[in-house]
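Novice: A single structure is presented below for examination.
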Amino acid sequence: MVLSIAELHRSKAGRRSFWWLLFLLPLLPLAYIAEAAYSLDLGADPAQTIVTFFGIWTLRFLFLTLAVTPCRRLFGWNWLQRYRRMFGLYTLFYACLHLLSFATFILGWRADLIARELSERPYIIVGFVAWLGLVALGITSTRGWVRRLGRHWQQLHYLVYPIALLAMLHFAWLIRAGFGEVLGYALVLLALLGHRVIYWWKRRSRVQHA
Amino acid sequence: MLIKKPSDIRSSEITPESVYRRRRELLKAMLAGGALMAAGPARALERYELPDEAKRYPGPEWLQEKLRAASKGQPINGEDLTPYRHVTGHNNFYEFGLAKEDPKAKAQGLKTDPWKVEVSGECSKPGSYNLEDLLKPHELEERIYRLRCVEAWSMVIPWVGVPLHKLISRLEPTGNAKFVEFTTLHDPDQMPGQKSFFSTLNWPYSEGLRMDEAMHPLTLMAVGVYGDALPPQNGAPFRLVVPWKYGFKSIKSIVSIRFTEQMPRATWNETAPSEYGFYANVNPEVDHPRWSQATERRLPSSLFNPNQIDTRMFNGYADQVAHLYQGMDLRKWY
């Protein structure tokens, strides 16, 4: 399977069709929730259901984006690299839907409620800051910005790590009781970040010994 | 041979003498009635027009009789009832899981009849009561109440039950009784949430009221909702309803009532004392540390209308209950 994907990328048609596949697949969650909303299948509190749904998918796409580098290093899946930006933009896409649905379906765009949430609620503030960070990364994700920023581009995009931690905090802060689900996500994030720390540390000691 | 103690024999198991004497007549009548019964289930509980596909909870026979005789509740002016499917499908009952749809999915096997309630502590009628006997002398009343969850959503629900003060008077609390403590069933085999390794709550769930709160005429012990018996996910067969407090005070599936002199433990208060007080009165001016309590989503909300409404002091019952808390600093005693 893995081998065949790598082979697929040798031909232009293969690359193209795989691109379309990975472009369309992330739209499935959106299609699923839109269908459920259309058939009025979202329960007593559809607003909360939708907001939570988009939030959790934001986190999943963020993790997927962060998984690209470890997968390349560990499994040699170098073809994944060309889709990293798309995964990142889908993270931003679902984050925008999350925020928009919160503002629309829960706050009803009431200025007083928005002001209150943004000034008083720690988990809202943390989530909003994380979203601003994603917007900055999304805007600077184009080829033009990569060229213009030069080596600063990489520095700027290290922001993804604090963003991931803020998103995790935003999620954990909502828990009333029962931390099983949050713990699951936290462990995945720990693995994704831990891999980088170990890699960096090993490389550093190798350089020192040389 | 199994010899039952008197307390084990429920009233419903004893045939009244009048019925016993007319047994031949009754048998004949029943045979005739059998043909009618086969035509379809009794519709006597149809107090509300519910969709045909809705899962119904008629309850045990002794309760059906009482439910049919229940008085009709007073609607709340300008506030519609939350539809049956949401009242019975959107529940916080952590004994059955954390998601709102978990209780409906996982509680259907809960055995709710017969049901024992242990009465203990500072009272002169302690003992282990069959729920049926505990309720026997009382007529059921329907009460249409707002329910405001601490998570900032709310519903309007037609409960059926007995005012708690009537039960308490029968149990004759002593002068030392300052509080009432309630405890939910603890049975991990029936309640999977109690097995969860990740839960921060200490089982069994327990809640309490000050004596004057318990004796307040609004405070209800519910056994039914929407004209039927309580579904398991709503706290069958016997639960508290205190409409001016956040929903978590209204403890479900109660197996113990204890009269105490000291303030009893309350599960959420114990879990996060800075977030959930013992009193937990609905109060738009005192926020939960993590979110505002100034407004609430009246369910069902829709995507076209979030249905955000302003939360009212004591959930709109201030006229009836504010005097209970006169002189108390409600920021301190949240």
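Cβ coordinates come from backbone N, Cα and C, glycine included.
Below are the features I grabbed from TrEMBL:
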BINDING   B:N91, B:Y94, B:E95, B:C149, B:T184, B:N234, B:R239, B:S250, B:I251, B:K252  Mo-molybdopterin binding site
DOMAIN    B:111-268  domain 'Oxidoreductase molybdopterin-binding'
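Tell me about the setting of these features in this model.
Specialist: Long-range Cβ proximity for B:T184 (Mo-molybdopterin binding site), meaning a same-chain Cβ under 8 A and a gap of 6 or more residues, is found for B:E95, B:P204, B:Y205, B:S206, B:I251, B:K252, B:S253, B:I254, B:V255. A strand conformation is recorded for B:T184 (Mo-molybdopterin binding site) in the three-state DSSP classification.
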Novice: So the record assigns B:N91, B:Y94, B:E95, B:C149, B:T184, B:N234, B:R239, B:S250, B:I251, B:K252 to Mo-molybdopterin. If I measure every Cα pair among those residues, what is the longest distance in angstrom, as a whole number?
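Specialist: Roughly 19 Å, rounded to the nearest whole number.
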Novice: What same-chain residues, at least 6 away in sequence, bring their CB to under 8 Å of the CB of B:N91 (Mo-molybdopterin binding site)?
Specialist: B:K100, B:P103, B:K104, B:Q233, B:N234
